[in-house]
Amino acid sequence: MLHQQKVVEIYTDGACSGNPGVGGWGAILRWNGHERELYGGEVQTTNNQMELMAALCALKALKESCSVDLYTDSVYVRNGISLWLKGWKKNNWQTVSKKPVKNKELWQALEGVCSFHTIRWHWIKGHTGHPDNERADALARKAIAEYRENGCFSA
């Protein structure tokens, strides 16, 4: 009997106060009537790194192979995973202009976790009132605020 993959919707966002600076990421996972919020951050990071971390940490949180619709407002993440990654690997992790790919370790980690799931990547325009994108953004900003208030990330 074939195993039916659990269907999961994920909404992700990253934020950075200064670029580089203190950054946060947020993710909402929704499946079968359930929902989970995740967030975290880094002290010295970039917005693109936080966008990657949001997707990476959300996918790592899945405990079994799933069918995933992942929504991001980051063209960098969506294009990187679906258009640029194969070329980067073929070119020994260099861009078409022969420069080292930024955030190589995060891209490698994301590619690794993606291999366990069936993922459809979706781009949604950020800061246009999409409720789940706004919630993911609020979680990313919450991580930054908690760091500023407590000197650490609590999530």
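Quick reminder: no glycine exception, Cβ is built from N, Cα and C everywhere.
What Swiss-Prot records for 4-145 is domain 'RNase H type-1', and it gives sequence analysis as the kind of evidence.
Per Swiss-Prot, Mg(2+) 2 binding site is recorded for Asp13, Asp137. The 10 Å shell around the Cβ of Asp137 (Mg(2+) 2 binding site) contains 21 further Cβ atoms across the protein chains shown.
Residue density at Asp73 (Mg(2+) 1 binding site): 22 other Cβ atoms are found within 10 A of its Cβ, drawing on all protein chains shown. DSSP classifies Asp73 (Mg(2+) 1 binding site) as coil under the three-state reduction. Feature annotation from Swiss-Prot assigns Mg(2+) 1 binding site to Asp13, Glu51, Asp73; the stated evidence is sequence analysis.
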Exercise for the section: Run through the Cβ atoms and count how many others sit within 10 Å of the one on Glu51 (Mg(2+) 1 binding site). Expected result: 28
Completion exercise
Near Mg(2+) 1: residues not in Asp13, Glu51, Asp73 with Cβ within 8 Å of the site Cβ centroid are Thr12, Gly14, Ala15, Met50, Ala54, Thr72, Ser74, Val77, Gly126, Asn133, Ala136, Asp137, Ala140
Problem - Which same-chain residues, if any, lie at least 6 apart from Asp13 (Mg(2+) 2 binding site) yet have Cβ under 8 Å of it - result: Trp25, Gly26, Ala27, Glu51, Ala54, Thr72, Asp73, Ser74, Gly126, Asn133, Ala136, Asp137, Leu139, Ala140
